[in-house]
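Asks: Below are the structure tokens for one structure; questions will follow.
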Amino acid sequence: MASSSESSENSESFLRKRRGDALVSDSLSHDSCSETVQDEDSTKYDKKVGVSLQTGTYWLTRIVLLRAIAFIYFVAFTVAYNQNKQLIGEKGLMPCKDYLRSVKRYVGGKIGFAALAYTPSVLWFMDWNDMDANLDGIALAGMALSGFVLIMGSANMIIMGVLWILYHSIVNVGQLWYSFGWESQLLESGFLGIFLCPLWSLSPMPRRCPPSLVSIWTFRWLIVRIMLGAGLIKIRGDRCWRELTCMDFHYETQPVPNPMSYYMHRSPWWFHRFETLSNHFIELVVPFFTFMGRRMCMLNGVLQILFQVVLIISGNLSFLNWLTIVPSLACFDDAALVFLFHRSGRARQTLLQIQTEEASGLKPPPSKGMLIRRVLNASLGILIAYLSVPVVMNLLSSRQMMNTSFDPLRIVNTYGAFGSVTKERTEVVFQGTLSVNHTGEEVIWEEYEFLCKPGALDRRPCLISPYHYRLDWLMWFAAFQTYEQSEWVIHIAGRLLANDSTVLSLMGHNPFQSREKPRWIRGEHFRYKFTRPGSSSAAQGKWWVRKRIGPFFPPVNLDGLRSYFQSRSWPLPGSY
């Protein structure tokens, strides 16, 4: 017969076990992406330490999300450091100093709340005498901070907040060069990343600041909006999406094709139909899996990531697809992502310890700081819900707008891509000549090459994603407009006449390097098509064939551009 002390110990052990089971059940019920009843999938057994991992916790998810956001920030700030001086610097094509001055005049001549609300940027408070140094300083600071988070896998609200402010400061003065939807998407992702972190601690696993379900769900809501926005704009836009023929053209006519685009374009017609149907399924149906339990939520994450990987392989779409992977990662909990962490690593061991302690009822009571954080998380949820109202109304509208912000801080935005697909590829090719007279058959015109966009017929398409050449991308838009609609093209022509090193650093080939300056520059308009594998052109090593459409802009020289530049308050070429 057992003694009374043994009976008491057995009773206490039983109560502790029941309390631990209740805590596990309670923690699982907090996440609607988790199973509310434990079954064979509610835990994941870790053979190394003999402990089952609970589902519905997001300690490791936070580390993965922070590293992913930091990686995109690092790429974006690197692009800014390498190109901002040429685009918006002192000698840039659209100097941000001039833009800030125009905003200042517009808001009444003062740098106050109105100026900050119109153009949020720390550049307002910096010395404008050396704007290049300001732009480089912002970019280098962003690279340093994002590099730290990428390597360490940890951050605090201060670091993530500074990164968000720094990139905001660039985007809001970037004008045309920063007018793409992924800029707002990065700012929204970066804003949400602030609330993943503790206020001060730089520990990857800060025990007093567990990841908030509100924060996780804001990322999930982001991927839902991104995909639904992209899917709906297609269905409501170009009829080729409804006819399932858009992929017959996309690979050839997208802004900056890569080598795989060449081969994907030549896929059979039935494969292109399958691609288009798959696109509609992933963008219009799969996002709703997010709200259908843990398994379906993870299936959404898997399909979205695979979809983005296919897009990365088949084209150079900047860091857009890499960035879209980020909110998809929030569909996975610790049990799903534990394979990314070394078995004996500190993060994995700490997670097991935290879960074991919580299951044993040893979780410390919430501190004052933790209670304040709960209020902050709830406030974040309310803010995102409030700012989502016009975004949801836009999604439901037959006059849907894509890549639009309804608030100056770009906290919640609308998204979309390729609502219309161009059916033929046209390119603007800059040509120069040393001839005094630009007319006559004897004139020799020599071509400039951009860093990545199609030009020379035998040049292999580049592979640069997630990096981004902003000028190359804008030249794609210019090609199906007119030079009157894209006056900056003439600005480039004037700079080329002066052999301007600032603009030439954005070019891949200058035919007049170490020679005289060209006397005339013209823009020629061509229609480009991929060569057919096995054709005589392909046998000659050509990736493209082209046919001249006509002049994009007529031959111009420095004397002829003088009045044009003066009327637009542009510095005369060569006057720097």
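Any Cβ shown, glycine's included, is placed from N, Cα and C.
Summarising the annotation, TrEMBL assigns domain 'Lipase maturation factor 1/2 N-terminal' to 178-337. Positions annotated as domain 'Lipase maturation factor 1/2 C-terminal' by TrEMBL: 411-554. Per TrEMBL, transmembrane segment is recorded for 59-81, 107-126, 138-166, 186-202, 214-233, 297-313, 319-341, 375-396.
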Asks: Within the same chain, where does the transmembrane segment (214-233) have neighbours whose Cβ lies under 8 angstroms from its own Cβ atoms, ignoring anything closer than 6 residues to its ends? I mean 6 or more beyond.
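Replies: Tertiary neighbours of the transmembrane segment (214-233) are 31, 33, 58, 61, 65, 185, 188-189, 192, 195-196, 279-280, 282-284, 286-288, 290, 297, 300, 304, 324, 326-331, 377-378, 380-381, 384, 388, 391, 395, 400, 402, 414-419.
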Asks: Quick test of the contact rule: Cβ under 8 Å, at least six residues beyond the ends. What residues does that give for the transmembrane segment (375-396)?
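Replies: Sequence-remote neighbours of the transmembrane segment (375-396) are 195, 212, 214-215, 217-218, 221, 225, 228-229, 232, 404, 406-407, 411-414.
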Asks: Same chain only, please: residues at least 6 beyond the ends of the transmembrane segment (138-166) with a C-beta under 8 Å from a C-beta of the stretch. Say none if there are none.
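Replies: Result: 63, 66-67, 69-71, 73-74, 76-78, 80-81, 84, 122-123, 187, 190-191, 193-204, 347.
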